[in-house]
Amino acid sequence: MNLDKLQNWLQENGMDVAYVSSPTTINYFTGFITDPEERIFKLFAFKDAEPFLFCPALNYEEAKASAWDGDVVGYLDSEDPWSKIAEEIKKRTKDYQNWAVEKNGLTVAHYQALHAQFPDSDFSKDLSDFIAHIRLFKTESELVKLRKAGEEADFAFQIGFEALRNGVTERAVVSQIEYQLKLQKGVMQTSFDTIVQAGKNAANPHQGPSMNTVQPNELVLFDLGTMHEGYASDSSRTVAYGEPTDKMREIYEVNRTAQQAAIDAAKPGMTASELDGVARKIITDAGYGEYFIHRLGHGIGMEVHEFPSIANGNDVVLEEGMCFSIEPGIYIPGFAGVRIEDCGVLTKDGFKPFTHTSKELKVLPVKE
């Protein structure tokens, strides 16, 4: 079905060949994903010929046994992959003048190798925007996987909360989360590097976990996600370890109110900028606008950051079936940071989150 869309696009745009280079996009079109490391793993589609998946011999049998029911062409390490690709293309079609390439995943070295095989071809057409657009709208089968990934994120939060104790390092908490995800849920891949930030470290939104230790009476920020059958989760919660100060409670409640207001306001037909503005106004009116230093959200699907960008100034119209995050944050340098994030799907009835961990301020007991 997805590959039919690609072939139709080639025909409508006068293109002969599509060169798909990102493993994630190949998975979207074929149902097969692997990590080829430094080897060549590509999908070739044509306006009027059968597509083929090109992969290392190491992955050939796996690809043949996958959901992909088209041709698979493997190559040995002793072979030149680019000359073999050219041979396969010329077997299938005489039309290879006009190429559409996924520029987001095309390296200079690979472009040069292709151009050497097809010196008279035009590689200037970019597939990236088309791919981003068709991936915007999730099918029900995709939503099932996104919801499952959300359930895994909810489980991970509970493990992380339980792991907090006096003197434990941020990295040790991350290790416990990821170990229990593997042990109890069979999760073999997180969607990004798990973030646990305690105290003033939480004021640096994307700082990785450190050897900083958790201390009583501070906020701890968790940002985590998993991959479930090729689909990502991404969620954030902030908790108090021990009794928070009044200022900590204040910034938490302002942020929670802003996030819930944006969730309640989200509907088809509004722009991404308008949705960002809902949360941003609440935080600004409370006096913390300068500490909300990023966009409200981002799309999610097979990758943890996709289109659309829920950002001030982005006038893309939100539509039913789009999946994205709503994640306002307040980060006060040298003091603390708060972020609350849910990813979900926009329906005719509003925004439906994939994660359900409570957003009331959780005050965890101090443990030795």
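Note: Cβ is positioned from N, Cα and C throughout, glycine not excepted.
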Inset, instruction - Kindly point out which candidate in D223, D246 is recorded by Swiss-Prot as part of the Mn(2+) 2 site with D234, E341. - result: D223
Inset, instruction - Have a look through E218, E250, E327 and flag the one Swiss-Prot assigns to the Mn(2+) 1 site that D234, H298, E341 belong to. - result: E327
Legend entry - Output field, Mn(2+) 2 shell: CB within 8 Å of site CB centroid, site D223, D234, E341 dropped: L224, G225, S235, S236, S325, E327, R339, C343
Legend entry - Cβ within 8 Å of the mean position of the Cβ atoms of D234, H298, E327, E341: remaining residues of the chain near Mn(2+) 1: D223, S235, S236, G297, I300, S325, I326, D342, C343
Inset, instruction - Express the distance between the Cα positions of D223 (Mn(2+) 2 binding site) and H298 (Mn(2+) 1 binding site) as a whole number of Å. - result: 14
Inset, instruction - Please work out the number of neighbouring Cβ atoms within 10 Å of the Cβ of D223 (Mn(2+) 2 binding site), leaving out its own Cβ. - result: 23
